[in-house]
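Take a look at the structure set out below.
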Amino acid sequence: MAGISQHGKAFIRPKAKAHLLIVEARFHDDLADALLDGATSALEEAGATYDVVTVPGSLEIPAVITFALDGAAEGGTNYDGFVALGTIIRGDTYHFDIVANESSRALMDMSVQDSVCIGNGILTTENDAQAWTRAKRSEGDKGGFAARAALTMIALKEQLGARS
């Protein structure tokens, strides 16, 4: 299988042209733009196609992925995988922990229990500076990393013959 690399680690491309759904949270618009830029660039570089759905915040991302899976079961678009993009920056309340933990848990549950290929690009940071370091394509490129992770999971699912 052809590989793509980032930071010296191989990413595997799916055999067939993959079609993904990017679900992006717009709570921090500028950071969302940077994450989306990285994700779409990585998918285009890999020859994948994608749709984008925007949600208010990261906590809504898992629900939209579930809506898409339910829609596919009813004859709607069948996505090979998903890219979750958002930024959660710690504030003065417990809300950060709830959003970070619950969005991550829900994505992991779908991935493990339902064999859903998800690249998790939801940043959880202490401040804006950390978020920008991770979001910018010229630095951390976590949007691109999440897209390549989703593609790798699609390829591994194909390779291992996992259920759809």
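Note: Cβ is positioned from N, Cα and C throughout, glycine not excepted.
Since the structure is predicted, the reported quantities are computational estimates derived from the model, not experimental observations.
Features as listed in Swiss-Prot:
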BINDING   PHE27, SER58, LEU59, GLU60, THR87, ILE88, ILE89, ASN120  5-amino-6-(D-ribitylamino)uracil binding site
BINDING   ASP92, THR93, ARG134  (2S)-2-hydroxy-3-oxobutyl phosphate binding site
ACT_SITE  HIS95  active site, proton donor
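Shown here: features listed in Swiss-Prot, placed on the structure.
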residue	record	contacts (Cβ under 8 Å, 6+ apart)
PHE27	5-amino-6-(D-ribitylamino)uracil binding site	PRO56, GLY57, SER58, GLY86, THR87, ILE88
LEU59	5-amino-6-(D-ribitylamino)uracil binding site	ILE98, VAL99, GLU102, SER103
GLU60	5-amino-6-(D-ribitylamino)uracil binding site	ALA25
ILE89	5-amino-6-(D-ribitylamino)uracil binding site	HIS28, PHE96, THR125, GLU126, ASN127, ASP128, ALA131
ASP92	(2S)-2-hydroxy-3-oxobutyl phosphate binding site	none
THR93	(2S)-2-hydroxy-3-oxobutyl phosphate binding site	none
ASN120	5-amino-6-(D-ribitylamino)uracil binding site	ALA84, SER104, LEU107, ALA146, ALA149
ARG134	(2S)-2-hydroxy-3-oxobutyl phosphate binding site	LEU123, THR125, GLY140, LYS142
For this session: Ten-angstrom check, please: count other Cβ atoms within 10 Å of the Cβ of THR87 (5-amino-6-(D-ribitylamino)uracil binding site), all chains counted.
Result: 29
Exercise. Hey, what's the Cβ neighbour count for ILE88 (5-amino-6-(D-ribitylamino)uracil binding site) at 10 Å?
Worked result: 25
Exercise. Across the record's 5-amino-6-(D-ribitylamino)uracil-binding residues PHE27, SER58, LEU59, GLU60, THR87, ILE88, ILE89, ASN120, the largest CA-CA distance in angstrom?
Worked result: 16
Problem set entry | Number of Cβ atoms other than its own within 10 Å, given for HIS95 (active site, proton donor) | 12
For this session: For THR93 ((2S)-2-hydroxy-3-oxobutyl phosphate binding site), just give me the three-state DSSP call.
Result: coil
Exercise. Other than its own, how many Cβ atoms are within 10 Å of the Cβ belonging to SER58 (5-amino-6-(D-ribitylamino)uracil binding site)?
Worked result: 26
Exercise. Where does PHE27 (5-amino-6-(D-ribitylamino)uracil binding site) sit by DSSP, helix, strand or coil?
Worked result: coil
Problem set entry | For ARG134 ((2S)-2-hydroxy-3-oxobutyl phosphate binding site), the three-state class that DSSP assigns | helix
